[in-house]
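Q: So Swiss-Prot says this about it:
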CARBOHYD  Asn43  N-linked glycosylation site
CARBOHYD  Asn52  N-linked glycosylation site
CARBOHYD  Asn58  N-linked glycosylation site
REGION    229-257  region 'Disordered'
TRANSMEM  5-25  transmembrane segment
TRANSMEM  78-98  transmembrane segment
TRANSMEM  108-130  transmembrane segment
TRANSMEM  132-154  transmembrane segment
TRANSMEM  169-189  transmembrane segment
TRANSMEM  200-220  transmembrane segment
TRANSMEM  292-312  transmembrane segment
TRANSMEM  328-348  transmembrane segment
TRANSMEM  352-372  transmembrane segment
TRANSMEM  377-397  transmembrane segment
TRANSMEM  424-444  transmembrane segment
TRANSMEM  452-472  transmembrane segment
Amino acid sequence: MRSSLAPGIWYRAFILLITFLIYTCYHMSRKPISVVKSRLHHNCSEVIQPVNSTHSLNDTTWCNWAPFDKSNYKELLGAVDNAFLVAYAIGMFISGIFGERLPLRYYLTAGMLLSGLFTSLFGLGYFWNIHVLWYFVLVQIFNGLVQTTGWPAVVSCVGNWFGKGKRGLIMGIWNSHTSVGNILGSLLAGVWVDQQWGLSFVVPGVITAIMGIITFFFLIEYPEDVDCSPPQHHGNPEESQDQPEDPANGPSCNKESSLESAVTCSKEASAQPSAISFFGALRIPGVVEFSLCLLFAKLVSYTFLYWLPLYISNVVHFTAKEAGDLSTLFDVGGIIGGILAGLVSDYINGRATTCCVMLILAAPMMFLYNHVGQRGIGISIVMLLICGALVNGPYALITTAVSADLGTHKSLKGNAKALSTVTAIIDGTGSIGAALGPLLAGLISPTGWNNVFYMLIAADVLACLLLCRLVYKEILAWKSSLSKDRGYREM
């Protein structure tokens, strides 16, 4: 006889897997532009011209892709990045509202199909021999808008199945999809970047569209859809100690998890709460602080995402493929940092404190990487891993466990409809920083890469300062808890 625990375990594992793959594809389709940048404009003096070439032997830009063959190529590439990121930031605030009101399966399917289409269209510019800036900018704008369908929807779906207990660790592991997607995007782009860079976009685009079709057929939005009841929402800790759960009560899929519920997903119309308003979500304690913190944290993370391969190529003089491959170590560090941040924050019950400590440590590590990280391949590998962990750890924690915590805050009194909106507000605010970072890097880098790193260090410090009030509250909570423990021991 099959264990009664099996259905719930398998369904939860399946939801984690499919949402992991979904968002891996979203991030995979964003990454190729950072690898292809160094191919769109590079020094052509070492490239042998074709026999029938009409270019001068002194022309060092003949092999570049117009319109990125001019001296202002960094500004143009920054504009292409920003077209995506500004559209993403604007669309994210709207996406959460739609995510609360539309079936997640349809919403994600449409988003992935369109994301695959626009990612491929960027690469098709190579095969169609397109050399006008507006084409690439327009494709990036539409891609940025449709990519916003991903994050609020997958977080909301996972929140329907998992509760607060051990959420930091579970979502820290699950959130590695961001780094895995970046790594896959870099490696796939690197295969074709030196021969036919258009395929660096077309292949990830096709994979993303295929995953969208898989999502349509296999995504399970709610436990009730497979006859499982969701866990109870925000139980009283004291009551749960005095009155342990009766194993004879409730459906089998409630018994296997030690997690508390994130949301209560009743299908009965009378039990369905109304979706929370935008300003109602802003009033949830902690939403504003974490949103502004993520603005600066994501500024740093996305600057690395879009400019690290070009930085490595310029400073170390690697080829586009070598720079793209080496930059994946930053994302490997991000996987480690996300898991570590979730584990530590669960253990100490302090999300803000964990983020603040990692942000403070990231500042001197970035300074060291810029000054000593390029002195040898071994040092570069170690520094990239450390910087990736410290930069992406807080970013991962805020966009997953913190968003889910705030989206199911006790002040909502069980309203499950807040999760997607809160997630969209936090990630949308962060996406403003994601747009600013690459733009500022494009404007500052002509004055020297040192100045870019000073900008990133300043952003990290500001991100930490914005959490000071929440860190103080967590410290007070720890002191209160220690005082109670001492009182019990004395009794």
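Note that Cβ sites are derived from N, Cα and C of the backbone, with glycine treated the same way.
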Q: Look at every Cβ pair spanning the transmembrane segment (132-154) and the transmembrane segment (424-444), keep those 6 or more apart in sequence, and say whether at least 3 of them are under 8 Å.
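A: Contact confirmed: at least 3 Cβ pairs fall under 8 Å.
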Q: Kindly say whether the transmembrane segment (169-189) and the transmembrane segment (328-348) touch, using the definition of 3 or more Cβ pairs under 8 Å where each pair is 6 or more positions apart.
A: yes
Q: In the same chain, who gets a Cβ under 8 Å from the transmembrane segment (292-312) while lying at least 6 residues past its ends?
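A: The answer is 30-31, 33-35, 37-38, 81, 85, 182, 186, 318, 320, 322-324, 326-327, 330, 334, 355, 359, 362, 366, 387-388, 391-392, 394-395, 398-399, 426-427, 429-438, 440-442, 445, 449, 452, 456, 459-460, 462-464, 466-467.
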Q: Could you check whether the transmembrane segment (424-444) and the transmembrane segment (78-98) come into contact, where contact means at least 3 Cβ pairs under 8 Å with the two residues of each pair 6 or more apart in sequence?
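A: When sequence-distant Cβ pairs are counted, the transmembrane segment (78-98) touches the transmembrane segment (424-444), since at least 3 lie under 8 Å.
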Q: For the transmembrane segment (200-220), find every same-chain residue at least 6 residues outside the stretch whose CB is under 8 Å from a CB in it, and list them.
A: 11, 14-15, 18-19, 21-22, 25-26, 28-29, 31-33, 35-36, 104-106, 108-113, 115-124, 157, 184-185, 188-193, 226
Q: Pairs of Cβ atoms less than 8 Å apart decide it: which stretch in 78-98, 108-130, 377-397 has the most with the transmembrane segment (328-348)?
A: 377-397
Q: Please report, as numbers and ranges, the same-chain residues at least 6 past the borders of the transmembrane segment (78-98) whose CB is under 8 Å from any CB of it.
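A: For the transmembrane segment (78-98), the list is 30, 33, 107, 133, 136-138, 140-149, 151-152, 275, 278, 302, 306, 420-425, 427-428, 431-432, 434-435, 438-439, 441-443.
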